[in-house]
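Presented below is the structure to which this report refers.
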Amino acid sequence: MDGEHSALAAVEREREKLPPIYNSSPPAGLGRGAKQPFPSLGTFISTLSQRRDAAGRGLAGGVTGPLSSTLGLRHGRELPPICSDVRQKQRLSIDTLPPEVKAPFPADPIIPLRTKTTKEFQEDMEQINAAFKREANGSFNTTDDSGVNAKFVNAVYDALLSTPQDIQKSVLKGIINSLLREWKGPRTKDDLRAYLVLVQNPQYSSTSTYVIYAHLLRQIAALSEADHHFLVHWLKKLSARRFRQLVERLLQFISTRLFPAEPDELPPLAKCSWWIPSATKVLSLFNAANSVSSAPIMPFTDFYNITLEHIDFMEEYRTWQNYGNSSRFSFCQFPFILSTAVKKAIIQKDSEQQMISQARQSLVSKVSRRQRVDMNLLFLNIKVRRAQLLSDSLDELTRKRCDLKKKLRVTFVGEAGLDMGGLTKEWFLLLVRQIFHTDYGMFTYMKDSRCHWFSSWKSDNYSEFQLVGTLMGLAVYNSIALDIHFPLFCYRKLLTPPTAPCDQNALVGMATATLDDLQQILPELAHGLGELLSYEGNVEEDFYLTFQVFQEEMGLVRSYNLKPGGDKIPVTKQNRKEYVQLYVDFLLNKSIYKQFAAFYHGFHSVCASDALMLLRPEEVEMLVCGSPELDMSALQKAAQYEGYSKTDTTVRCFWDVVLAFPLELQKKLLHFATGSDRVPVGGMADLNFKISKIDVPTDWLPISHTCFNQICLPPYRTRKELKPKLTIAISNAEGFGLE
């Protein structure tokens, strides 16, 4: 008995270390009173269970049965510090929370200390935890099924915020106990289920719970890679609504920690520098779950944190460059959270620094040789004749390969004018139109998918493909959007690998190709191959195929074996998957390897930057071509005027007509005025769109200066007069030539 009493006394001493829930001074009119049982989470769960039973919907299998901590609520003996850099007396407790954290909870009634023994407390928790598991005795140790009763978890949390404050406080107290427990050995699957349940608590939306939330995120972030693998696959099974709520809560947590509404709202940043890294790493688990899901649960752009546009992202970039993915945290380690605008700004500033460095080297070289300094050496000067635009451009870029990282400046021979950006844009537009013309033969236009793809005909000279890659790199480097229509798979190949290897013989652009990738380019062929895979009959006799493909090249049909001896290997039901995989890989990789390798090296000769490693293929496409999402109202707000004001009749008629246009005509208008139907990454404001007055009769059509993003309108007096002429102009712009 003495041993039992001493054990109980030790337990009581441990309980005394847990501070009271409320402020130390009780409200007026209330004393401490006698000790009462601590109202645990069991009160809340049992209340919900009774309500469900009363409604005829009792829990399947009841709430009893052993389960080791689905909520992770176990008693901690000699509670350890949360982390190595926090002293023993600074353990997470209500006392460590700032006054703002405690304020939202009423100080009435006072909740005394618990009186239950450790064994009783654990028994209560096992019964409560069993409620969240579909089968109390089930192991559920696979990534396919967490075993958590998601419907009941949702029901509990959806009702939690409407319960009395003492119950909400009990929940938080239980979570604190679970976070303070002493861990011995690796986590069990029940522990992982506990984290899966705990992270869904809606109370974390309030800044008053951020200290608790931060410690929960820290423990999840510190799990092993194998445990993270399980969590990723369990997270993707959450409902889309719940998944989005948790992502938005994490983004809000990071934003609030970076820029709190009130300086004293949260602990000093210096004392909790681990908050943001922990939250970002947990957010990366959600991003991974979104990526491995058969269909994305939410768009990848919804993981962007716009708040990060206001931090020193170049310092983040330099930290990442210097320390990589080491223990030194940088947002660049988790590029999914950075918006395309931030990545574009990083690439631009990195480009500017490389331009300055390149120009400085040229300047120092001239001075050291006591040669006369010419300011032209600070630029990449391109001089071309309009009649020989392509050949001149190729010669210039080849001769000045060492100057590609300097600021671009274009001159048309025999034409006066200083390039302030307009001539450069015109050069890009003219070159792109000529290169992608069907008569030129470098690229094939796919009518069904409305995109260009590399011609597979053989050639001894791949320099023109390198020119196209260099053009794309220069466009990104000089922030110019191109009217190029490549499928998304092309940009995936462009990032395989994201930085050009030092070994010139290393394979590049050999991205893993699937039937979905072929669907982007040749939808009919992809559909036919899909039918082959699902065919129930005799594949060998009905299709009569071998591991051989035929291609037309310059009017001649040539055959290629997909593997050695392929022309003698029939396609059967057993090997048809291999046939489709080899066929797709041949079309998208092997048949165009030399063409794409030249294109790849041309692009990376300009854009050789670590910043490319931050980009997704979709983001590279946006940097090259701009965004396809149009917002004409934003364009109206950002528009500039010359000869007109925004209140003039012609201008008001113009916007009335344009805002009422269908999307297709709005795209044509943008293409007519700027040379591209896409919007820069920075939005409509970055277009510098201008409406100018032209003093000609009103029976004239509008004209445009695409190199200046300018549209010129005669003084139309009514919408009825303006609409048909504008529609005719933008619908028949091809062939009008460039102004």
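Backbone N, Cα and C define each Cβ position, glycine as well.
The shown structure was predicted, so the numbers you read here are calculated from the model rather than taken from an experiment.
The region 'Disordered' annotation in TrEMBL falls on one of the ranges 13-32, 133-152, namely 13-32. Every protein chain considered, the tally of other Cβ atoms within 10 Å of the Cβ of C707 (active site, glycyl thioester intermediate) stands at 20. A mean pLDDT of 88 is what the model gives for the domain 'HECT' (400-739).
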